[in-house]
Structure formats: structure tokens, C-alpha cells
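A.B. asks: I'd like to ask you about the structure that follows.
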Amino acid sequence: MSSEPNAYSSHPPRMRETTMLDKVIANGGVMSIALFFVVCCFFFAVTTDAFLTAPNLLNIIRQSAPLLIVAAAMTFVITTGGIDLSVGSVLALTATLSAAALQAGIPWPLAIILMLALGGVVGLIQGYFIAYEKIPAFIVTLAGLSVIRGFALLITGGYSIPIEPTSPFVTIGRAWVLGIPAPALIAIVVLLAAYVVFNETHFGRYVTGVGANAEATRRAGVNTRRVILWVYILSGTAAAAAGVILSARLGSGSSNAGQGFELDVIAAVVLGGTSLFGGRGSLVGTILGALTVAVLANGLILSHLSPFFTPIVTGFIILVAIWLNFRLFKGGAKGR
Amino acid sequence: MTDTQISRVRMTGISKRYGALQSLDNASLNLMPGEVLGLVGDNGAGKSTISKVLSGAVIPDSGTIEIDGRPVSFTSPAEARAARIEMVYQDLALCDTIDVAGNLFLGREPKRHIAGVPMLDKKLMHERARDMLSNLGIVIPDTWMKVENLSGGQRQSIAIGRAASFDPSVLIMDEPTAALAVAEVEAVLELIRTVSRRGVSVILITHRLQDLFLVCDRIQVMYEGRNVAERRIEDTNIEDVVNLIVGRKFAARSAGHQASHNQAGHTQERGASA
């Protein structure tokens, strides 16, 4: 029994530097969606001829550009512990108003700036009620969803407003630059910017801080209300950009555009491992989540299956991916 | 103790009433530079309230506060912080999903500019965090670890280290050793000693009376919003302090003068560690 003193001194330290495996487990949300993304791509690549071709892949990004852009902004919103249900309505309003503005003879660059500003103002108003009046984000943006869609319907009387196909405006949705569709290019730029802001700037850090412990972040001298206000301005502006891109691609502005769009966006963000409780967000996860939703929709059509399978499959994947996060990855992280 | 020295903190005649409850009744507090003062009392005795008055979170109804001989009146925690009074909150005020360095620097992250855009200087932040922690003797293997993966004692150390890094002259700690494992309590107490050796005055609020005898120079006992007793640590023992807290002070006062061997042991321990 001479080993008794050694029982205290000789065992290796229990804390160690983070290993690769730790990082994989810690980023479980991203890992599980990456898995689903790869599986989906592999499945459609094998079962269909057309899926794994450059035009089709570019087409997927082109079509999912609005989703990717708004999901990037929504990642900020959800990481603060909030939610923005109004993005689909903002998309519809800006899509119709940009068509109306062009019809009224407003030059297209001005029309775009006006639309982005409108989205920002909508976000500002909602953000004010959430950040400064402390009304739950769900309530404020649920009201926004209804009111803003209502305005879009009121303005158009429910009809679509066409856009002149000769207008340079439509190039935003249709042009190809350096072999890449313009919407895809815009989405890539937005995603890169969002990634840098989220991970490398003070603002991004405070977004995570607000979601993790708002009181602690406030005590650290951060103006947390302004951070919250800004995430809604961001999501409103992003939704407006999505509306502009959508109307430019379709060549018309419809007040019925983007019905249920907010749910697709939230699904993409949550699939990517961002926690609805806040404090935990991943833009890489969001990109993978949005692309998975887009690949599913595209692949199911290419497989000659009914497109109505898309919501069914998407729903199942959300459930299984989140379940995997809780059971496999998070369980590993907490069980140490 | 040199009586000629100016007190770091002198609070006199502090009263605070919350509706029907007289939370503080003509309470006072004196703290010398580099001194560790243990503030004890039952729940509701007013020890948290008086520390909140000092940290600017509670505005007293009456009374005066002097810092280094100058009268001050705080109307917000920010003003108290400007006077270099830091408080480590009981709920730690850490962000679980942010790494160790990020928590230490929350709200004052070092900047670097890339193409004119201000960004987090993570490299500098982690370098400084490592220095900061090793200077205080806090053992954290990796400043990139998220705080949620740390033990209670490590989290407490980060919270204290964060407060200490603001170069405070007074550090108030509310129950820093509550709910910690035995070995972790020792680490946190060692950290308190390290901080006080640097000339920081510490106010330690705790229910763990044995901790008082390991780090404190002096103990102030509060009872129903009033100061009821003050003891140099070498003149008292746990029994005495317990009696003072529960209010049987007359029966116990004589016990304070009997030098029990238990008390001598504590004094020695302190002498060895200081």
C-alpha cells in the first residue's frame, strides 16, 4: 500500500488541450448536417444523371440565393435568442414594391436602394419593440408577418406586377458573371461577409454574448439593446435583398411570394446547428442547412418524384438532425 | 495595522429601506488597503445590500462613502467601476458558449484593422489571457475552451480573474466558494490571497466560515441591517463567529478571548501561507 501518496500525484491531469475529436463533438450541429448534406448529394448523384452537373448545381445555388441570404441574417437573429417570422412578408412586400417602383419609372439602382432601406426600416421598427420595449420577438414578428403581407396584398390588390424584361433590373436575377449566376454571386458575397462578421468582429461576439448571457454581456459594458436592434435591421435588409433578387429572377413582383419562406429559413438555420435558445450559432451550419433544403427540393424533382415530397422529407430531416445533435454529439460533450 | 493609514473604503451611517423592511440601519464598513475583510451574517442581515451600495447597484437612503479619504456617491455600477470598485457577482456573469479568453475580455476585446475594418484580434486576446491567468496562478489548460466545459471552480476563477484584470482597488466577492469542490475552494482562496497581496482590498461575503480563517484579516458581523461585531481574525474562532451571527453574542464574547488551540492552528496556517 505504499502507492497511496501516488494516488494523488501520479495520475495524468484530467484537463487537456482541446483535441480534434473534441472540436468535432463540440461542433456536433455542423457535423450532423454536413453528414446529411453529403448523403443527400450522394444519393441524388447516384440515382439521377442530371444532378451532378455544373449547370444543375449552379441552378441550385441560383434558386436558393434568397434562402441563403436570409438564412445568414437569421443566424444572427436566432443566436441572440430571438426569431424573425416576418422575413417572408418583407420579401413579398419588397418584391411587389420593386416591380411597382420600376413601373412608376424610378431608376433601377434607386429602386434597389429604396427596397433595402425599406427592409432595414421594417427591421428597425420590429427591433425597437423587441430590444427597447421588451416584447417577445415571436410576438412582434408574428404581428409583422401579418401586417407586412397585408400591405403587399393591399398595394397590388392581390395581382402580380410585371417587370419589363428589357430593364437592367432583371439582370440581378438572371445574368451570369464569370460563369456564375448573379444571385449566386450575391449570395456568396453575403455569406462570406456574414461569416467574417459573425466570427471575427466585436458585433458577432456580442451577438453570441447576448444569446448566451444577456445580463453578463450588458454588465461587461456592451449596449445589448443596440445589438438586438441591429440583428433585426440585418434580417429585414436581407429579406428585402431576397425580395429584389426574386422579383428580378421571376420578372414580376407577386404579393403571394415567399409564403412559408420564414419557415424554410428557420429550418435551414436550425438544421445547421444554431440553437433556438441562443448563444450557439454557426454560419457554416446554416449554409449547409440551406443547401440541404435546396438540394432536396431539386433532387426530388430530378428523381421524377412529386415535389410535394420535399416538405415531408425536409421535416423528417430536421427532426432526425436535431435528434442526432442531442443524442450523439451533445451527449458526448456533456458526458465528460 | 497602521492606524495612520487612510482607509481604502469608509462607509458610515448607511441606511436603506425597502418598503417595510429596513435592510440597512446605520451600518458602516471600513476597509484598509490590501486588507481582506470577511463580511458575515445570516440571510437578510444586509451584507449583500451594503456591498451593493459600495458597488453602485443600490443607492442608499442616507450615509456617506469615502474612497481613499475622498467622499463619493455612486448612482450607478459604472460610477463605482470608474472608482475602481469591482464586484464578482454570485451568478458569475460569464457567457457559457464563449471561450475563456473571450469571457476575460468581453466588452473590451483587442482590435485590429483589416482593410480599415475593425476586427477581433484573437491572437493578442488569447496571448494576453494566458498571461493574465498565469500571473494569477489560475490553471486553465486552454484559453480556447468554452466556459461551459469548465468546472465550477475554474469558472469562479475566470470571473475573479476578469474582475482583477480591471486593476481594481476594491474587489467585492459574493459567495465565491459556494457549491465548489473541496480542492477548488482552496484554489479560489489562493486566488484571493494572490489578489490581496497585490494591494487590492477584498470584501469576501461567505457562509463558509472556515474560509474566513484562511484568507481574512478581519471579520465584520452583521445582524438585521446593523454591524454587531468586528474581530481581528487572530482574536476569534469559528464558535465565536457563529454566536455573533445568530445573535447570542453576550454569551459568546468571552469565548473570543480564550485562545483555543484550534484558533492558534488557523493563525499559524495563515502565517505560513502569507
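Every residue, even glycine, has its Cβ placed from backbone N, Cα and C.
Heads up, here are the entries from TrEMBL:
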{"type": "TRANSMEM", "residues": "A:24-46", "note": "transmembrane segment"}
{"type": "TRANSMEM", "residues": "A:67-94", "note": "transmembrane segment"}
{"type": "TRANSMEM", "residues": "A:106-125", "note": "transmembrane segment"}
{"type": "TRANSMEM", "residues": "A:137-155", "note": "transmembrane segment"}
{"type": "TRANSMEM", "residues": "A:175-198", "note": "transmembrane segment"}
{"type": "TRANSMEM", "residues": "A:227-248", "note": "transmembrane segment"}
{"type": "TRANSMEM", "residues": "A:260-278", "note": "transmembrane segment"}
{"type": "TRANSMEM", "residues": "A:283-302", "note": "transmembrane segment"}
{"type": "TRANSMEM", "residues": "A:308-326", "note": "transmembrane segment"}
A.B. asks: Taking 3+ C-beta pairs under 8 angstroms (sequence gap of 6 or more) as contact, is the transmembrane segment (A:175-198) in contact with the transmembrane segment (A:283-302)?
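C.D. replies: The answer is yes, given that the two segments have at least 3 Cβ pairs within the 8 Å cut-off.
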A.B. asks: Could you check whether the transmembrane segment (A:106-125) and the transmembrane segment (A:227-248) come into contact, where contact means at least 3 Cβ pairs under 8 Å with the two residues of each pair 6 or more apart in sequence?
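C.D. replies: Touching, yes - the transmembrane segment (A:106-125) and the transmembrane segment (A:227-248) meet the threshold of 3 or more Cβ pairs under 8 Å.
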A.B. asks: Among A:67-94, A:137-155, A:227-248, point out the range having the most Cβ pairs under 8 angstroms from the transmembrane segment (A:260-278).
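C.D. replies: Selected stretch: A:67-94, with the most Cβ pairs under 8 Å.
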A.B. asks: Contact between the transmembrane segment (A:137-155) and the transmembrane segment (A:283-302) is defined here as three or more C-beta pairs under 8 Å separated by at least 6 residues; is that satisfied?
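C.D. replies: Counting Cβ pairs under 8 Å, fewer than 3, so no.
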A.B. asks: For the transmembrane segment (A:67-94), I need the partner stretch with the highest count of C-beta pairs below 8 angstroms, choosing only from A:137-155, A:227-248, A:308-326.
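C.D. replies: Of the candidates A:137-155, A:227-248, A:308-326, A:227-248 scores highest.
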A.B. asks: Using Cβ atoms and a strict cutoff of less than 8 Å, what residues sit near the transmembrane segment (A:137-155) while being 6 or more residues removed from its termini?
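C.D. replies: Tertiary neighbours of the transmembrane segment (A:137-155) are 77, 82-86, 88-90, 92-93, 95-97, 100, 122, 126, 129-130, 232, 255, 262.
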A.B. asks: For the transmembrane segment (A:308-326), could you work out the same-chain residues 6 or more beyond its ends whose Cβ comes under 8 Å from its Cβ atoms?
C.D. replies: 28-29, 32-33, 35-36, 267, 270-271, 273, 292-293, 296-297, 300
